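Feature list (source: Swiss-Prot):
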SIGNAL    1-25  signal peptide
REGION    62-123  region 'Disordered'
COMPBIAS  86-96  compositional bias 'Basic residues'
REGION    239-374  region 'Disordered'
COMPBIAS  255-268  compositional bias 'Pro residues'
REGION    311-369  region 'Interaction with FBLN5'
COMPBIAS  313-332  compositional bias 'Pro residues'
DISULFID  Cys395-Cys401  disulfide bond
DISULFID  Cys448-Cys497  disulfide bond
BINDING   His449, His451, His453  Cu cation binding site
DISULFID  Cys481-Cys487  disulfide bond
DISULFID  Cys508-Cys518  disulfide bond
DISULFID  Cys555-Cys569  disulfide bond
Amino acid sequence: MALARGSRQLGALVWGACLCVLVHGQQAQPGQGSDPARWRQLIQWENNGQVYSLLNSGSEYVPAGPQRSESSSRVLLAGAPQAQQRRSHGSPRRRQAPSLPLPGRVGSDTVRGQARHPFGFGQVPDNWREVAVGDSTGMARARTSVSQQRHGGSASSVSASAFASTYRQQPSYPQQFPYPQAPFVSQYENYDPASRTYDQGFVYYRPAGGGVGAGAAAVASAGVIYPYQPRARYEEYGGGEELPEYPPQGFYPAPERPYVPPPPPPPDGLDRRYSHSLYSEGTPGFEQAYPDPGPEAAQAHGGDPRLGWYPPYANPPPEAYGPPRALEPPYLPVRSSDTPPPGGERNGAQQGRLSVGSVYRPNQNGRGLPDLVPDPNYVQASTYVQRAHLYSLRCAAEEKCLASTAYAPEATDYDVRVLLRFPQRVKNQGTADFLPNRPRHTWEWHSCHQHYHSMDEFSHYDLLDAATGKKVAEGHKASFCLEDSTCDFGNLKRYACTSHTQGLSPGCYDTYNADIDCQWIDITDVQPGNYILKVHVNPKYIVLESDFTNNVVRCNIHYTGRYVSATNCKIVQS
């Protein structure tokens, strides 16, 4: 009886187990390949010694066509390194801009050309500036949202965001203005408002190790996540050194940098921080105006005030400068043999500093006058004869640079003129600028040469007989424009051949090459023989100079009728 009862119970258990297995197999067969809790694909790679894993619960091949929202798979990125705990919460954080889907687009698509962002192509939410991804504890939050059948059966749009409101860094200063918004936020106002909210229930756990299943898990109600992790920094691998802690930086100035008002301007409105003069020590009263401050004052003010060693953006003490000098009338140099009035030597020295046309004078006691000196070697170096037709000398004929026979009625354009060409270089070795004597509004414009003539007679060119000293050729008055062609080392070019800046600076040269118009003497009617070439600069002494005995150059000329040679060029008194 007992044996029969036991065998009956055993048979019932066997049939019950078979029935359970059969029912479970029938229920698992329809969804056998779509278990969302099973990882079906695994991709592993190694970067800098760290192993990363990408897991996918979906199938490897996805058929074409719209996919149902129930068949969405999960993707998980594991193996991100654990952030070191030593990094402070105030360290700079990395921002990540996820892509927001447009209506009718799959969440993985990006829109090129519609919104550019420093993080790459794609849509950016309106709060991308105020959200930080990740923190020093190695935790991050993400959310997922699945839009169900937008626009009547279109593909489901998936948006993944790694932004979390709990990790927003609150500034330590009071907020006076709202956060600035990106200019392209208005393009996406038709989004689902639910996609802009944050799901506080989703938590992404970063694993402690680098293995595949080392505790990496994601729990989401929607079942579709894209936990994008920021790239690991160098110090997170243990190879970096301890970084200094810096205060957090936001869109507004940190409280550690308070506003400093600018210093008040000096009373006279002049910046005297770099006004030290190399010539001030030689003037009388320098020690009284600039007493020796001593080492204590130098340390207090940052250096010797006489040398302008003041801290940046600071005004020097007003007592370090002497009182301003009263403006004196300009000194007009005139040649007079009258005796100077009492105290005239002192007054003349002070007036000479403001002399007309005086710019550079190392000697403060001199009046400052120019001194023109022609170069005899330059004239002798390249003197030659040129034959040219009259039609090619029309510009020179307008300026009266030819002999009188060139203007005769019987002269034709095919007549040949013989020209004695030579260069000229004049140096101003004085202590003041050589300026034109004519006012600027009276300068003469020559349209053929396209420049202004600021002087009527700058040079005279004459050819004299070597035996008698008489003129054998009709020279002319060269009225070129004055300019600084070249300058000695340490001198700057300040004048040019323009309508308002003509002159000759001290230490500079006004050069006229032998191939320019009017740099010649017309010797068409001169017979071969020995002659003297005379070049006279500032011939009528209209502009006052410090020395008039060095303005003339004489050269011995031997003319054969075919060529010419110049010898023994030197400076003479007249």
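Each Cβ is built from the backbone N, Cα and C atoms, and glycine gets one as well.
Shown on the structure are the features that Swiss-Prot records.
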| residue | record | Cβ neighbours (10 Å) |
| --- | --- | --- |
| Cys395 | disulfide bond | 15 |
| Cys448 | disulfide bond | 12 |
| His449 | Cu cation binding site | 18 |
| His453 | Cu cation binding site | 21 |
| Cys481 | disulfide bond | 23 |
| Cys487 | disulfide bond | 17 |
| Cys497 | disulfide bond | 19 |
| Cys508 | disulfide bond | 25 |
| Cys555 | disulfide bond | 20 |
| Cys569 | disulfide bond | 22 |
Spatial neighbours of His451 (Cu cation binding site) that are distant in sequence (at least 6 apart) but have CB under 8 A: Trp445, Cys481, Cys497
Distance [Cα-Cα, Å, rounded] between Cys518 (disulfide bond) and Cys395 (disulfide bond): 9
Spatial neighbour of His453 (Cu cation binding site) that is closest, considering only the disulfide-bonded residues Cys395, Cys487, Cys508, Cys569 and their CA atoms: Cys395
Neighbour count (Cβ, 10 Å) for Cys518 (disulfide bond): 21
Env. residues of Cu cation site, Cβ within 8 Å of mean position of His449, His451, His453 Cβ: Glu444, Trp445, His446, Gln450, Tyr452, Phe480, Cys481, Cys497
Listed recorded positions among Cys401, His449, Cys555, Cys569 whose Cα sits within 10 Å of Cys487 (disulfide bond): none
Count of other CB atoms lying within 10 Å of the CB belonging to Cys401 (disulfide bond): 22
Segment-level pLDDT (mean, integer) for the region 'Interaction with FBLN5' (311-369): 50
Pairwise Cα distance for His449 (Cu cation binding site)/Cys395 (disulfide bond) [Å, integer]: 7
Among Cys401, Cys555, Cys569, which are recorded as disulfide-bonded residues, the nearest neighbour of Cys508 (disulfide bond) by Cα: Cys569
From Cys448, Cys555, Cys569, the disulfide-bonded residues whose CA lies within 10 Å of that of Cys395 (disulfide bond): Cys448
Integer Å distance between the CA atoms belonging to Cys448 (disulfide bond) and Cys555 (disulfide bond): 31
Residue pair Cys569 (disulfide bond), Cys401 (disulfide bond) - Cα distance, angstrom, rounded: 23
Cα separation, Cys448 (disulfide bond) to Cys401 (disulfide bond) (Å, whole number): 13
